[in-house]
Amino acid sequence: MTDAIRKFLKLESAGGIILIIAAAVAMVIANSPLQSLYSGTLSSYIAGLSVEHWINDGLMAIFFMLIGLEVKRELIEGALNTKEKAIFPAIAAVGGMVAPALVYVAFNFADPIALQGWAIPAATDIAFALGVMALLGNRVPVSLKVFLLALAIIDDLGVIVIIALFYSSDLSTLALAVAFAATATLFVMNAKNVTKTSLYLIVGAILWFSVLKSGVHATLAGVVLGFAIPLTGKDGRSDKHSPLKHLEHVLHPYVAFLILPLFAFANAGISLDGVSLESVTGMLPLGIAAGLFLGKPLGIFTASYIAVKMGLATLPDGINLKHIFAVSVLCGIGFTMSIFISSLAFVGAPADFNTYSRLGILMGSTVAAVVGYILLSRTLPKTEA
């Protein structure tokens, strides 16, 4: 396993634990006398945007930039740099996005507003999933960790495409023109072998602002910027002189230990006041929970099984189908990514849709985490791998 992947797994695993704490604290505060302070702070405005908006559109753009950097590196020299390496997690990821969406639609086909959230259970929270896997220590084979990482990266790409195609509206032609010009500038700089990161960040800031005003979700600017950062330095090497790897190294701790926990804190604080058993067992939360806990493993495992049996892909060394099934359950931990999609899906909808969708996410993610851990623990050797 490369140093880059090892560092990634270590940071993401620890970050997953911080995420759990941040979400738990938010839930406690949202159901305490501090609830008004919590909601008031998030809804207060700074420079024309609410604090919650700055977190969801601003800080999360940095998170998506990191995704762009990681995906580019993995495609060029990492876990996805050959067809043989990429095909198995890619097939699994597609199955793991289609099946949860279909399960959700089966629960909510009669409600046109609820149908807008079809993509909510299609996402996987890589930090949370790796955090749960880390509890098993070195019993987990390296190849299984890399499979989860590759699957989650492809899953993230799918989420990015979904956001771009289905959760953008009221497009501004002028702002889009500026965004396209900024994007072109970034890739011309890359082609001309410009390696000064600060120049990319300046153009990236212009891109983010124009995308924010365009009607396309602003976080997509982060992905574009991440893909534009060059992997190799002036000397053509991608090790010590890589702008991409340097920026990835700088951003990773801030994303894992600040940005994602802040996002979880700002979005997981659900007030249970007025929430009844009847509402919790409604089609919206049940559809999300079932999509995450049932749809994810159904899609990932079925797609993986068919791919192996048909000879389209081979299982990585040291992994069997029992391991794949256990990991597929862990992938039902949608948490931050699912909450992010729900915040886009129900813009303008009654507040109950946001509340119940987040309850469904928390229910499905929690069950997936517990059951996934138990299954993985039982399928792995009792001693360290």
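Placement of Cβ uses the backbone N, Cα and C atoms for every residue, glycine included.
Since we're looking at a predicted model, the values are computed, not measured.
Taken from Swiss-Prot, the feature transmembrane segment covers 14-34, 49-69, 87-107, 117-137, 146-166, 171-191, 201-221, 250-270, 283-303, 324-344, 356-376.
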Feature contact check the transmembrane segment (324-344) with the transmembrane segment (250-270), CB under 8 Å, 3 or more pairs: yes
Stretch in 49-69, 117-137, 171-191, 356-376 most in contact with the transmembrane segment (14-34), if contact is a CB pair under 8 A: 117-137
Long-range Cβ neighbours of the transmembrane segment (87-107) (under 8 Å; 6 or more residues past either end): 79-80, 115, 117-122, 124, 147, 150-155, 158, 283-284, 286-288, 290-292, 294-296, 298-304, 307, 312-316, 324, 328, 331-332
Residue numbers, six or more beyond the limits of the transmembrane segment (283-303), whose CB comes under 8 Å of its CB atoms: 91-108, 110-111, 114, 117, 120-122, 124, 151, 321, 324-325, 327-329, 331-334, 338, 353, 356-357, 359-361, 363-365, 367-368, 371
Recorded stretches the transmembrane segment (356-376) and the transmembrane segment (117-137) touching, at least 3 CB pairs under 8 Å: yes
